[in-house]
Ligand SMILES: CSC[C@H]1O[C@H](OP(=O)(O)O)[C@H](O)[C@@H]1O
Ligand SMILES: Nc1ncnc2[nH]cnc12
């Protein structure tokens, strides 16, 4: 099996550099229209597919990003792995703006999004006890060190609905009571959907601010966020290229089991399954259907 890395670029990351044989491709998904056309090519000889999460020009809000169409489109293109790059706020003094965090867990507080490919006519329950792939995380960590960014391994990401930033009381709740490390608006349900699609998923969160809890930093200011994103986008792009080279062309089965998440997940009896839903699940769950 060959590696193909899906890269989902968040706020401030709408393209990637140094792609060999670049081609923008339109993918038709039964789950809707993806955020944008997808830029395919190779980085260091490894196949990659880049999708700007909000679309070029930042068209989609965190609530309207077509998460299912995006993950389905990457799976349909043959991706085996997904690296998500996101902006986030920090709840920790030792995780400062400009630092990168390899997310290890999530608290999902989003509520206005479609969160599963499955449902009436084909019910499935995958485990997200460990929602990110440790093997991919290892590659991201090494790449971060190679590129020279200040990168932290592990952190709990609070996924909020947005689009407004948190109130002070919310920020303090997430930090002081729930002990979250970073906050953003997009990694859920993206990570859950990647797991359902049996894609290895890692999230690199670029810290842009201290949310609203920090007494010395006031509330979140979008112009500061944009400035920090601008200063870090080159490092993020270089890191992505380094990750591709580290993962390499040849791919084994994932030791974490991400690529077999559906082995025992589907509950609906074969003769009770809805053929229309099964048809839509061809890419995501074709391996087990
Ligand atoms: C630009 S600040 C708020 C915005 O940025 C993050 O997006 P992404 O995760 O795609 O980088 C955050 O989640 C919000 O959507
Ligand atoms: N403080 C914050 N809250 C939610 N999403 C963010 N993205 C960047 N900073 C953020």
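Glycine too: its Cβ is placed from the backbone N, Cα and C atoms.
Automatic prediction, not curation, is the source of TrEMBL annotations.
When the candidates 11, 233 are compared with the phosphate site entry in TrEMBL, which names 53, 54, 86, 87, 186, the shared residue is 11. Here the binding-site residues are 53, 54, and the one whose Cβ sees the fewest other Cβ atoms within 10 Å is 54.
Residue 166 (site 'Important for substrate specificity') is 14 Å away from residue 186 (phosphate binding site) when you measure Cα to Cα. For the pair residue 210 (substrate binding site) and residue 222 (site 'Important for substrate specificity'), the C-alpha distance works out to 12 angstrom.
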